[in-house]
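Taking it in order: structure first as structure tokens, then the write-up.
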Amino acid sequence: MKLIAVSGGPDSMLLLDVFKHHDIVVAHVNYNKRNSSKRDQKIVEDYCFKNNIKLEILNLTDYEVKGNFHDWARKKRFDFFKLVYEKYNCDEILLAHHKDDFVETFLIQKNQKRKPLYWSIKSKNFNFGMNINRPFIHKYWKNQILKILDNKQIFFGQDETNKENIYLRNKIRNNLLNKEFLKRLIYIKILFLNFFKLRKIKKIEQDFNKWKEQNFDKQNFLKSKFQENLITIFISEKTNNSINLSRGKIQQIIKFINSEKNEKKFILNKEFYLVKAKKIIKVLKK
């Protein structure tokens, strides 16, 4: 069985329509933060009822969020997805990311001066204890999705806050509006960058697996010439990809591991910290 994350927006509604005849269950999260939230939920409910599709809904109303709302919402969302995934014994979760998301994520990474092992978003990966699949990531642009929905007369909701330059992704998205040729050039550039990284990625994965077999001991880490990459994978794996690491932060972590001083811990964020216990590197929750 496949789990499909459906917000009621155009991308996820097309994804749902494409897979409606498969063995699926739908998960919808309503943050009740926008006036149109109830409308989006009803769109999903009506479609699932009409097509006899199993639907699980999470309604959130607690907004005592300390820090970044998007980080909080993402954690709540994926915690819920994991529960549904396990309840129905799903083999994968489908997400509706498309080519525009692919380009935007790359530009966000560049803006934040990040140096990921793989630029932008993978079509398939394993995270949060789930097999994640993004069928549209190299298939459709946003404008293509909208045309298909119009032709098939599929109802969907538009998030009106996307037009507001509140968040970095919104600013990048709005800056790329009507710049189709530029988006395509950036898309091709990302594919080339990732292609030339393949050999390096294989070597890094070998080093990481070797380090993992040694229970993430300090000595094996120090032997690798890919320390920055090992830290990125290690932190991502141990925190379910919940921490955005800048290059500066990665360098601080490496300095902490290398240090012979009796430093007990390195704070990663409000939830996680790093420790050196008998020359073994660990990520712990506060």
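Backbone N, Cα and C atoms are what each Cβ position is placed from, and that goes for glycine too.
The Cβ neighbour count for Pro10 (ATP binding site), using a 10 Å radius and every protein chain shown, is 22. Residues annotated as ATP binding site in Swiss-Prot: Ser7, Gly8, Gly9, Pro10, Asp11, Ser12.
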*Cβ-centroid neighbourhood (8 Å) of the ATP site, Ser7, Gly8, Gly9, Pro10, Asp11, Ser12 excluded*: Val6, Met13, Asp40, Ala96, Phe156, Gly157
